[in-house]
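Record features (Swiss-Prot):
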SIGNAL    1-18  signal peptide
DOMAIN    31-88  domain 'Sushi'
DISULFID  52-86  disulfide bond
DOMAIN    103-345  domain 'Peptidase S1'
CARBOHYD  148  N-linked glycosylation site
CARBOHYD  182  N-linked glycosylation site
DISULFID  250-281  disulfide bond
CARBOHYD  256  N-linked glycosylation site
REGION    259-264  region 'Interaction with CD163'
CARBOHYD  264  N-linked glycosylation site
DISULFID  292-322  disulfide bond
């Protein structure tokens with residue numbers, strides 16, 4: 001009673017749910033899963049297929065289909081007994097922001113368009129930004145992490161003083177912070193969460209870039225809370241669309257600064273940003289709406305239309321511009337990718 005090609009497939013939905021077929025894996029005497037009927041000159045082959053929840057994708061060496069062998073082990077032809085994993089999707093917001101007109105400026109209603117945006121509260125209640133890049137790690141600036149700490153503070157000292165929210169005010173616990181080994185020049189730090197967050201339409205990482213998106217004139221988006229032009233903290237989430245600026249003009253604008261940030265009252269904002277090979281500038285003409293204090297650590301998000309994916313071209317480092325200065329300064333994400341991936345893999 002066997003026939004080649006007659007196959008029964010059990011579809012196991014969810015985030016890697018295991019097959020539970022009772023003591024005898026061949027026994028289908030169950031009301032919810034009746035034993036399949038036999039056919040002439042054929043047989044029933046038992047298969048399971050692993051699939052992932054919405055906003056996750058299957059990572060496996062094979063195709064996710066496992067067959068029960070003679071030793072009653074579930075095996076895949078390519079992966080053997082090694083099970084697949086469900087990894088979080090990045091850069092695929094359910095409600096992406098749409099550029100409906102050629103206007104550079106800000107909006108007060110993001111409608112879940114930037115699910116990677118996190119809000120970080122440092123000591124003494126200062127609000128800054130952070131960017132979700134996986135279901136357990138975020139990027140922010142080293143300056144954000146050191147707010148109200150001395151320069152000698154360690155990562156262990158800093159972590160307990162931070163409060164972090166993702167999604168719609170979802171409080172998450174921080175396990176540790178990791179500073180870039182050259183953070184006085186590369187203004188970046190990583191935050192690891194104690195638990196992985198569930199990825200939803202409201203909480204989703206942004207992708208690290210596979211290419212350089214920062215050609216002058218390229219338009220991207222920055223989101224956050226920050227301050228308005230009156231330097232008051234805002235309670236409403238907002239975003240702004242801005243172009244990548246010409247780097248030479250940005251350097252000239254900030255008095256040719258190539259040293260770490262310092263007080264300089266000839267600068268339009270009274271302080272000099274870090275400008276080096278690891279940074280790029282974003283902005284437009286004077287007196288237009290721009291980012292304000294509190295948005296540092298947020299991603300400059302660019303939509304890759306070929307891949308239909310959003311990637312973080314950079315992380316905002318210098319954010320004291322508001323409407324009085326032309327340019328914000330960002331750390332290039334392409335320069336961070338190797339360090340970020342190595343750090344996440346070993347920690």
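Residue numbering: from 1, along the chain as shown.
Quick reminder: no glycine exception, Cβ is built from N, Cα and C everywhere.
Residue 52 (disulfide bond) is 45 Å away from residue 250 (disulfide bond) when you measure Cα to Cα. When the C-alpha distances from residue 281 (disulfide bond) to the recorded positions 86, 148, 182 are tabulated, the minimum falls on 182. Around residue 182 (N-linked glycosylation site), taking its Cβ as the centre, 12 other Cβ atoms fall within 10 Å, counting all chains. It is 281 that, of the disulfide-bonded residues 52, 281, has its Cβ surrounded by the most other Cβ atoms within 10 Å. Around the Cβ of residue 86 (disulfide bond), the number of neighbouring Cβ atoms within 10 Å comes to 19. The shortest Cα-Cα distance from residue 148 (N-linked glycosylation site) to any of the recorded positions (52, 86, 182) is found for 182. Following the DSSP three-state reduction, the secondary structure of residue 250 (disulfide bond) is helix.
Model confidence over the domain 'Sushi' (31-88) is summarised by a mean pLDDT of 90. Cα-Cα distance from residue 52 (disulfide bond) to residue 182 (N-linked glycosylation site): 38 Å (rounded to the nearest whole number). Within 10 Å of the C-beta of residue 250 (disulfide bond) we count 23 further C-beta atoms, all protein chains included. Cα-Cα distance from residue 86 (disulfide bond) to residue 182 (N-linked glycosylation site): 33 Å (rounded to the nearest whole number). A strand conformation is recorded for residue 281 (disulfide bond) in the three-state DSSP classification.
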